Amino acid sequence: MCGIVGIVGKEPVNQIIYDGLTVLQHRGQDAAGIVTIDEGKFRLRKANGLVRDVFQERHMQRLQGNMGIGHVRYPTAGSSSSAEAQPFYVNSPFGISLAHNGNLTNATELRAHLFKEARRHINTTSDSELLLNILAHELCESKLMELTADNMFSAVKRLHQNVRGAYAVVAVIIGHGMLAFRDPNGIRPLVLGERETDKGVEYMVASESVALDIDGFKLVRDVAPGEAVYITEAGELFTQQCFPNPKCVPCIFEYVYFARPDSKLNDISVYASRVKMGTYLGRKIKKEWSELDIDVVIPIPETSCDIALQIAHELDLPYRQGFVKNRYVGRTFIMPGQAQRKKSVRRKLNAIGEEFKGKNVLLVDDSIVRGTTSEQIIEMARDAGAKKVFFASAAPEIRFPNVYGIDMPSPNELIAYGREVDEVAALIGADELIYQSLEDLESAVKEQNPGIESFETSVFDGDYVTKDIDQAYLESLESTRKDNAKGKLSEPLENGLEMHNEEN
Ligand SMILES: O=P(O)(O)OC[C@H]1O[C@H](OP(=O)(O)OP(=O)(O)O)[C@H](O)[C@@H]1O
Ligand SMILES: NC(=O)CC[C@H](N)C(=O)O
Ligand SMILES: [Mg+2]
């Protein structure tokens, strides 16, 4: 999913970006990077690893300057090599560095176009490097050394005409300012914040509002789908809608799983939407499972906790934290490779025997994707002495690949693909299994902001909002990105490919 931040400040921004990235860590655990601008030069540090491991004190000291951007990566295109960690950099027509959350769906065409027409070399298999070069190419068109906000917005307009897919982007341009924009469907989130200081207003953009909170910035609003925001080095803010007919179709999976509950995205509290998911699922359980004798409701930490608590409330049953999560193990679903994901579940979660012994338990999770978590958790519940294990998922059956920045490239890896509910229940070992309906899930999120007409729900219904996804695309995605696909996982090189990087 990736997390991005960008700041135009009045004082050094290195620590603010670092703090912002640490609270966006749940969006990407594979690599992290920060770029700042110091006396007309980029300062860059990026590598594979968690934020706390990538940035040592010596790196932070070098990341000087009052403007900069940062990224945490969850790869969904190209490889996991450190060479594809972000931000990326180009040196013409200006020094530009860019960080991207999302995934482009016409990367093959863009690559050919950049090579043949724009005469630009792309050094990695990352779609984000493509996006940076498209932006640079469009900025070339203005043919002016004077880069005004209008030139900037014209470049974004042309970019929107050529690029397909999901992209929330932040970029810094040396000697000019910071540019941020969102794709015309607003699939990935991006918020704008500000902070008053003695020296003037500082601006920050981030994937989630929690990054603003942590750094003492006030949420101003979401960057609108198709809109671009430009803040000059001096701190002047310009905004413009850069697409003729934008739509707001945010990814619903942000609310189910990706975002932190204390974030607000598209004017929707993630927490409130999860509580509502619990209300709807609780009602469905009451209606359809009235004869089941459930003793206790138990969440599968961490994301499902708010949902499970509300289900317990609806059912008037006790809620118990029957699993303890090891706080030093990251999120399982966004780990690369099934072997690593499988191993992590057991390392991450452990059952408290008393909560299971002789009881009929209702386990609640936000979603079942590959079934890695549910299968092992049910086994753990039985080993701990549960009599019956019922399972509820706050998201509907996931049956279609994701093409917009979630690494679900292959339908064959999805446990509900080609299977009915009872078949999935048998596979994960549940006595009964219930899924939220898509209608209820959409209502749960939409109720927080009725202004949003629809959500990006392709993993549930196969309806891709960009309308450019055909069978051939899905087949090629599957062959290049399924687990163990050649080229997907590259071992980080000892020295990395860190052409513009600070030394270790
Ligand atoms: O069916 P699966 O393929 O296992 O994927 C779904 C599971 O993965 C996620 O948990 P994760 O451990 O990533 O993060 P969390 O601690 O935030 O719940 C999600 O919350 C589900 O528990
Ligand atoms: N999940 C994301 O947002 C990934 C961004 C980009 N497609 C990459 O793979 O680096
Ligand atoms: Mg989970």
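Just so it is clear, glycine is given a Cβ too, placed from its N, Cα and C backbone atoms.
In TrEMBL, annotation is done automatically, which means it is predicted and not curated.
Among the features that TrEMBL reports, domain 'Glutamine amidotransferase type-2' is placed at 2-234.
Taken from TrEMBL, the feature active site, nucleophile covers C2. With a cut-off of 8 Å between CB atoms and residues at least 6 apart in sequence, the same chain places R27, G28, H71, V72, R73, Y74, T76, Q86, H100, N101, G102, S207, G405 near C2 (active site, nucleophile), listed in sequence order.
For T303, D365, D366, the entry in TrEMBL reads Mg(2+) binding site. In the three-state DSSP scheme, D365 (Mg(2+) binding site) falls into the strand class.
Residues or ranges marked as region 'Disordered' by TrEMBL: 480-504.
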Chain-mates of T303, D365, D366 with C-beta within 8 Å of site centroid, Mg(2+): V256, Y257, P299, I300, S304, I307, V364, S367, S393, A394, A395
D365, D366 as binding-site residues, winner by CB count within 10 A: D366
Recorded positions close to ligand 2 - of C2, T303, D365, D366, only those whose C-beta is under 6 Å away: C2
Cβ under 6 Å from ligand 1: qualifying recorded positions of C2, T303, D365, D366: T303, D365, D366
